[in-house]
Amino acid sequence: MKFVLLFGVFLVTLFSYSSAEMLDDFDQADEDELLSLIEKEEARAKECTPRFYDCSHDRHSCCRSELFKDVCTCFYPEGGDNEVCTCQRPKHLKYMEKAADKAKKFGGKIKKWFG
């Protein structure tokens, strides 16, 4: 009985050590992958089209606002036959960003009061 108990403790210790080593390897791989994704995102962010600028050359190139990506909206100006496309923020997303900003400010006040 003592041998079985000792053998069980040895197996649990060996398993926990090996799983900790594997988790460290996975964490390192995830960290390297995350760094490469951040570098790609920074490179891509420099090429975005600002709000109210022409986006007809690439309709998916609009810049991000604080929370959401702007949308390339196309329309025909009054009295014109040519289609005009510009990066714009839809109104519902504008209101959602304002609400999120107010919630952040309110959360900061609560943290200040009780923190």
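Heads up, residue numbers simply count up from 1 along the chain you see.
The backbone N, Cα and C atoms fix where each Cβ goes, and this holds for glycine too.
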Query: If you pull up Swiss-Prot, which of C72, C74 shows a disulphide to C55?
result: C72
Message: With the disulphide bonds as Swiss-Prot has them, who is the partner of C87, out of C48, C62?
response: C62
- prompt: CA-CA, which of the disulfide-bonded residues C63, C74, C85 lies nearest C55 (disulfide bond)?
  reply: C85
